[in-house]
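A.B. asks: Handing you a structure now.
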Amino acid sequence: MKLHEYQAKGVFADAGIPVPESTLASTVDEAVEAADDIGYPVAIKAQVQVGGRGKAGGIKLVENADEAREAADEILGMDLKGLHVDRVLVEAAVDFTDELYVGVTMDRAAGKPVAMVSTRGGVNIEEVAEEDPDAIVREHIDPAFGMHPFQARKAAFEAGVDRAVANDVASILTQLYELWADKDATEIEVNPLMVTDDDEVIAADAVMNIDEDALFRHPDLEEMEEEAAGDELEAKANEYGFDYVRLSGNTGIIGNGAGLVMTTLDLVDHYGGEPANFLDIGGGAKAERVANALDMVFSDDNVDSVVFNIFGGITRGDEVAKGINEALEQFDEIPKPVVVRLAGTNAEEGMEILNTDLVTVEKTLEDAVQRAVKYAEEEQ
């Protein structure tokens, strides 16, 4: 579960990590009132879970009430990389002299958590990692002992953080690790961590991803789950109990089993397509569950075709076929082309059940993916 910026900053503030004064607003009038209360200049920031909000027009710095009204009116209601903006965070602007990056995640290759520090904050850290990996200092942590203060200071100094703020940066890094461990986070980061001219450090942005399987241990975070859903589709996925990730392409993908879905994503990319989503219907899926999956994918306006990749083990091919037929028979006209590949338990029965007036059936995964990619290209 990925928290919104305002939610993550609330968690940070409760842990004692400095964050700018801010107020959440859902109307233009609320945004202007919040800006007046905080005092100008303020930043008005779209609360949607996408990167590059600033470049896409989702973050604006304003100097007065008129500018605040104009910015809030422009941002509220906009579609930002496919997500509808219905809330903004009105936040005190930070006058900074430097931008840093700090974060904690799991290094699966090392089998340990890793804390990271860089003086290249305020930019896409993935690009920094690719172009100049030495610009990010990594410090592995033994989870049995936690992060020692000396490790955090070592990472800050090795990264080249100014001595005047190195101890404060190290303290925040230690707090981030403690949050990462205590809240069962999978990733936590601040980018940028701003340094002011009077040597204060402030978390100007916040990213926090929580292991959904551990939410039962955190009632405070569980309460945030509905609001944390990035859009209506993700909220619907939670309701249906699907593992779903929205992507930026136009070929919808439905499968049973994470590995099978990932393989399908890779093949869509291999054959020149762009995946629109990751959707795993799980094992033993009945007709209703399959119909719900199709309803979800069709609800994404970016989808131009859909490919089903089902391998029957617990999930029976005939049940899947019934679900596909039931879902498609609800439409007077099929919204988008659907390609189906069935294999395994009762696959032959399933292919006989499928209404070929509604779907295209392919025997191999490669053929199914190529057909779906072709359909998506033709729909554009």
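Cβ from N, Cα, C; glycine included.
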A.B. asks: Do you know which of Asn238, Asn250, Asn256 Swiss-Prot groups with Gly313, Ile314, Thr315 in the substrate site?
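C.D. replies: My reading of Swiss-Prot gives Asn256 as the candidate in that site.
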A.B. asks: How big is the gap, in Å, between the Cα of Gly52 (ATP binding site) and that of Asn191 (Mg(2+) binding site), rounded to a whole number?
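C.D. replies: That comes out at 12 Å between the alpha carbons.
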A.B. asks: Per DSSP, to which secondary structure element type does Gly54 (ATP binding site) belong, with helix, strand and coil as the options?
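C.D. replies: Reduced to three states, the DSSP call for Gly54 (ATP binding site) is coil.
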A.B. asks: Looking at substrate and its recorded binding residues Asn256, Gly313, Ile314, Thr315, figure out the farthest C-alpha pair and report it in angstrom, whole number.
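C.D. replies: Among the residues the record ties to substrate, max Cα distance equals 10 Å.
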A.B. asks: Give me the Cα-Cα distance between Asp205 (Mg(2+) binding site) and Lys45 (ATP binding site), rounded to a whole Å.
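C.D. replies: Just about 10 Å between their Cα atoms.
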A.B. asks: Select the most exposed residue of Glu99, Asp205, where exposure means the fewest other Cβ atoms within 10 Å, treating these as the binding-site residues.
C.D. replies: Glu99
